[in-house]
Amino acid sequence: MEIPIQVAVRIFPHRELKDLLRSFGPTEPKKDAQAVDEGADSKDSEAQVPAAEKDNPSISETDPNGNAEQDSAADSKTIPDANGNDSGQKDYPDSAYCVQAIPISASALGLPSALPGGDPMDSIAAGLIQVGPHTVPVTHALPSSSSQEQVYHQTVFPLITLFLEGFDASVVTYGQRGQGKSYTLYGNVQDPTLTDSTEGVVQLCVRDIFSHISLHPERTYAINVGFVEICGGDVCDLLGMGNIHCTNVDAVFHWLQVGLSARQSLPAHTLFTLTLEQQWVSKEGLLQHRLSTASFSDLCGTERCGDQPPGRPLDAGLCMLEQVISTLTDPGLMYGVNGNIPYGQTTLTTLLKDSFGGRAQTLVILCVSPLEEHLPETLGNLQFAFKVQCVRNFVIMNTYSDDNTMIVQPAEPVPESNSSAGPLSQAGPGDNFGLQFAASQWSKLVTNAEGLFSKLIDSKLITEVEKEQIEEWLFLKQECEECLSSTEAMRQQKQLVPILEAEEPEDVNSEAANSESPNSDNENDTDNESHRPDLDDKIESLMEEFRDKTDALILEKHAEYLSKHPKAVMQSQDREIEAQPPEENGDDRKVSIGSRRRSVQPGASLSTAELAMLNRVASQQPPPPIDPESVVDPLESSSGEGIRQAALAAAAATAPIEQLQKKLRKLVAEIEGKQRQLREIEETIQVKQNIIAELVKNSDTRSHAKQRFHKKRAKLEAECDKAKKQLGKALVQGRDQSEIERWTTIIGHLERRLEDLSSMKHIAGESGQKVKKLQQSVGESRKQADDLQKKLRKECKLRCQMEAELAKLRESRETGKELVKAQGSPEQQGRQLKAVQARITHLNHILREKSDNLEEQPGPEQQETLRHEIRNLRGTRDLLLEERCHLDRKLKRDKVLTQKEERKLLECDEAIEAIDAAIEFKNEMITGHRSIDTSDRIQREKGEQMLMARLNRLSTEEMRTLLYKYFTKVIDLRDSSRKLELQLVQLERERDAWEWKERVLSNAVRQARLEGERNAVLLQRQHEMKLTLMLRHMAEETSASSASYGERALAPACVAPPVQASSDFDYDHFYKGGGNPSKALIKAPKPMPTGSALDKYKDKEQRSGRNIFAKFHVLTRYASAAAAGSSGSTAEESTALIESTTTATATTTSTTTTGAVGKVKDKALVSFRPEQLKRLMPAPTATKVTRQKNKIIIQDASRRN
């Protein structure tokens, strides 16, 4: 079980000691004050606390929180501190308390208990320690006025109770130097100068342990003590003899005194261990063996350094202990070390491994100082104590069970005194552990010698005489083994000892823990088997062969049994089985009465191997089919028996119907899920085919746009080359820096436009690849749909078969019901009763004739005795039947029975069957037939014949005892089997529920995956439609452009036009007019543009670039939106992003184009004559109409989708 570590905080009584020192004489205060100041051994500093409590009654008075208060008469002027505690007298201002213990009622807070099923007072946090504004919850809050007995009974005594039951216990004292750690553990009994000594926790524990042992004289025990000291990483044995066996309290106290006297003066840790080993015989005659250890650790002072609180202790062992606690409580640190807790870094943590995170129930007693000058140290220790409470130990019982080992009670009674109780070696004649160990060692030596002799024979290095001696030795050894094995088998068959089974859950846990050693012994075997991967297959094949042969042998023996067995005996057995009222048995009692499996110990549960065997048998034996025609003949049984049999058949027929309905529901759910998936796949295929058709239909548009982009790219590349040549000329001729910058800007702009055109060309040429991918995806979807259709056809066929089978079962059940109704009618019952009476009359006549014939046979006195015994047995059987019917009626009425009544019901069943067997045997003796036992005696094996011979030699009392034991074992086995069947039914229900949930979730996941694929295909279709419209629009705008940017840029600066055309590419008529001076299209030459004019030119170029490449930015944004949608966003978010981007871009393009047209018109009216306006005026209306038309088409397509 998992139990948290408990923490008890004890406040050091500084104030009480000072009052005690003032009340002493002039010679004593020096010694005591020196002990208080030194603090090397805290037992000296607290040695006078009990005496102070006795001499000064004012000290023993406590407030409601359990804190000691000063006598009001001593000094009426006292100043309370910030926590409300009395700060003491004015003469001792340094004795002000800043630590307060606040006990809390655990039941009032509803806190959980530290022990499973324990008292609420033993809760995890039953007190608070208040240090200034800080409050720390602890398991036990002990005020400064607490005595040693109070500390022991409140904190340590529950651990000792568990220790006596076989659990490990650990008590650790922790705290600042000189605060009473050693005094809490060992008291001051080791100081001979003190007249009034006080015992510590260790002494009180030892007294309680021996007191408990004296109350159980039937147990043998052994107590060993050890005392070690850890100083600087070295372990020193204070006793000098290791673990020492002690027989009484005085011996333990003596060795404890020796160890305390041998301690060093340096700061060190001490560890006192007490081991208790117990053995006794249980009521069933089985050996109980338990071993538990109690450790008492006195750690040295913390003496923290560094940033306080908390700081870190100076001692390396304590520092590593705090690191271990942090690792156990912090999952991050535990993950960092991969679960390898650093216990082995220091000697202290290695020895305390079981105490912190191990298998012992641990109590940490923290001794703190209440003074303000020790406040940082106190806070650091309290933080460590709070972490310790979060650590949980896995406490288990240390029990050892010896199977098939009977312990004989010693003839001499064990005295109740402590001194007379001896060690385990004095356990009596039943203790043969030493003999067993010697026998095992002898066997190992013989085995080793045999191997050595075999090697010598093979080596051919010995003479013939030596070889003959070795062979003779091997022959004698083989004969000895055969004799021992036969004797051991005979001894085990004679004793018929029960099998040991664990009765308590704690024993189960302890056996699981103690099974580590045998598992470690078998590691070599496991390693050898791991090198043979085919071993499991061979074992499985052999098991199958064994099952087949066993089934064939059983069928053969059954047929032989039926052929040899008399028919009358078979009919009598059938009548006996039918005589028991089956309708009064509950649903949970459908267990075969005649079934026999191997017996187990009385009162014990089934082991794991037995559970596995029963599960396998249950899975391999399906319920027999119910034949509606197999109705009990009314002439062979009474009418009531026929009705009961028909009712039983109808109840048995209900079980397969329910199972079949359950399978049918699962199958229908699978079929519905696959049908939905098939519809989704078909819809996805249709959408993909639509996309392919649209891509094929718009392939001409894409190819036309691709050609346009290619031509435009060629023009831009030529213009870029020209611009680079002009830039080179300008650099060679050393022209003005502004001109060089202008050409550099032009080249950069052309390169960017070339990159954009390459991207658009690539987008326009992707239609072929997309068609291929879509066609491949359609093929995969069709293949998936075909697979689903095949599975659907199979499942539909299986559903039809199951429905037909279910209809047959329902018909058989209806037939059974009609049979019950027909037999339940009064007329039918009357006819059956007459037929039965006629049958009974006929049988009585036959029985009388048989009786007359039997009376003529010899031995009438013996036959009469047997008949008298049979009549007595029948009377007993009637009484048992009456009691069983009473229990069945109570079960039917109350729906539940007590454990005792359930066991009584099973005992009645078994007793009735046993009486029937005895009656049958006696009838066979009367009639002169040979029993089955005698007829098959010759065919028995030799070992079985020997067993029967030994059983025949048993006396009547021994045979009665043996039969009673096996009768009890059979009852226990039937009870365990019934419980196992109930557990199996519950597990099957849970399994069915989880299978149904798993099926529903898997169908939902597959459905969601298919829906997501269909949504992605729909989005792709929308994207392709919009992309086609964009490419068509851009191709039209590109074809409407008549000139390029490079021709305008390459024109001389002196003839640059002062105005711009209505579109970005309508500059051809300007440059053409520049070559004919007769046309008045060009104004007077202007000087080179200045920096401000060049900036305006750049701004204008940037605005003009938005007109043609806005659609390309739409495509780029859509690509990014589609990537984001595929990585985690939903389809709706991607669609919204595309539509918003398209709308915004269209609006921006319209605004830019309209503004440019207006400006061009205004400037053209100023610069040109009216006859030239018609030739220079562009056609913006067509472009605008095309754009509006495309926008309407996109919106209509979005609404249709």
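Cβ coordinates are placed from backbone N, Cα and C, and glycine is handled just like the others.
What Swiss-Prot lists as ATP binding site is GLY175, GLN176, ARG177, GLY178, GLN179, GLY180, LYS181, SER182. Positions annotated as compositional bias 'Basic and acidic residues' by Swiss-Prot: 28-56. Here Swiss-Prot flags 510-521 as compositional bias 'Low complexity'. What Swiss-Prot records for 23-92, 502-536, 565-606, 618-639 is region 'Disordered'.
Positions of the features from Swiss-Prot, shown on the structure.
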residue: GLY175; record: ATP binding site; Cβ neighbours (10 Å): 28
residue: GLN176; record: ATP binding site; Cβ neighbours (10 Å): 23
residue: ARG177; record: ATP binding site; Cβ neighbours (10 Å): 19
residue: GLY178; record: ATP binding site; Cβ neighbours (10 Å): 23
residue: GLN179; record: ATP binding site; Cβ neighbours (10 Å): 30
residue: GLY180; record: ATP binding site; Cβ neighbours (10 Å): 27
residue: LYS181; record: ATP binding site; Cβ neighbours (10 Å): 29
residue: SER182; record: ATP binding site; Cβ neighbours (10 Å): 26
Sort ARG177 (ATP binding site) into helix, strand or coil using the DSSP assignment.
coil
